[in-house]
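In TrEMBL this protein carries:
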- 21-54: repeat 'TPR' (REPEAT)
- 141-174: repeat 'TPR' (REPEAT)
- 181-214: repeat 'TPR' (REPEAT)
Amino acid sequence: EEIFTQALAIFTSIADSLGQANALHGLGQTHQALSNHAKAEEVFTQALALYKSIGASLGQANALHGLGKTHQARSNHAKAEESLTQALALYKSIARSLGQANALHGLGEIQQARSNPAKAEEFFTQALAIFTSIGASLGQANALHGLGQSHQARSNHAKAEESFTQALALYKSIADSLGQAYALHGLGLIHQAQSNYAKAEESFTQALTLCKSTGTSFGHANSLVGLSEVLICQARYSEAKPLLDDLAQLSTQIGYEWARDRSKKLLAEILEAEKLPTKPSP
């Protein structure tokens with residue numbers, strides 16, 4: 001942030017509009033990485049205005065993409081869609097394949113957040129084709145993960161499993177631990193939905209290990225939920241209880257209300273189940 005701020009001051013002093021815009025874009029990305037979305041939006045907007053004033057199409061597209069991701073992070077889906085659609089058009093006009101693919105992937109995520117899996121699938125498929133054509137492994141993996149979630153939302157378990165498995169292989173090939181964790185979590189959910197508890201347990205356990213090693217608290221919590229649910233489905237209550245204790249503590253610590261509520265509900269289910277008389281052995 002300090003470097004970009006200094007660069008901005010220098011470029012401003014010599015009236016270098018492109019330099020100013022690039023420095024502002026860098027600041028926007030820094031604020032975005034720090035989850036300071038209001039500041040990110042402010043500087044991306046300033047960068048966009050400067051890029052427009054000098055007719056720099058690539059700069060405009062990049063600034064619009066940054067704005068789109070910032071709006072998306074704040075769940076402002078309408079504004080995010082508008083920015084990413086404009087970015088996509090600009091990337092197309094200057095034949096920037098990677099930019100197009102990233103914008104399409106972002107649009108897929110927005111449709112997914114709006115519970116429109118059919119449209120999300122369409123965008124992810126287009127993004128995947130471009131990422132594959134330019135050999136962008138991380139992009140391919142992310143698009144496949146998105147497709148897995150879209151298939152999952154439509155209860156198309158076979159296709160979802162196929163997409164998550166392909167995504168997992170790609171994440172492994174580029175040593176992306178976080179990506180592997182998310183793909184494994186997706187596989188866990190698919191196996192769980194098919195009552196294949198042994199495979200679900202294996203996937204969630206692997207995801208949990210990776211989330212712990214990368215310090216990904218929300219992924220850690222989600223894996224604990226999945227693993228606890230699978231154990232409860234098998235009446236393995238004594239194994240699930242300590243996981244739920246960990247989940248309650250972690251979710252409170254990071255302010256993850258959904259996971260905290262889920263831990264309470266699952267613990268209540270265990271306590272209720274333990275009150276029931278056990279069937280006598282034959």
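Each Cβ is built from the backbone N, Cα and C atoms, and glycine gets one as well.
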As a quick check of your reading of DSSP, tell me how many residues in the repeat 'TPR' (181-214) are helical, how many are strand and how many are coil.
31 helix, 0 strand, 3 coil
Near the repeat 'TPR' (141-174), which same-chain residues lie under 8 Å Cβ to Cβ, leaving out any that are not at least 6 residues past its ends?
101, 105, 108-109, 112, 115, 117-118, 120-121, 124-125, 127-128, 131, 180, 182-184, 186-187, 189-190, 193-194
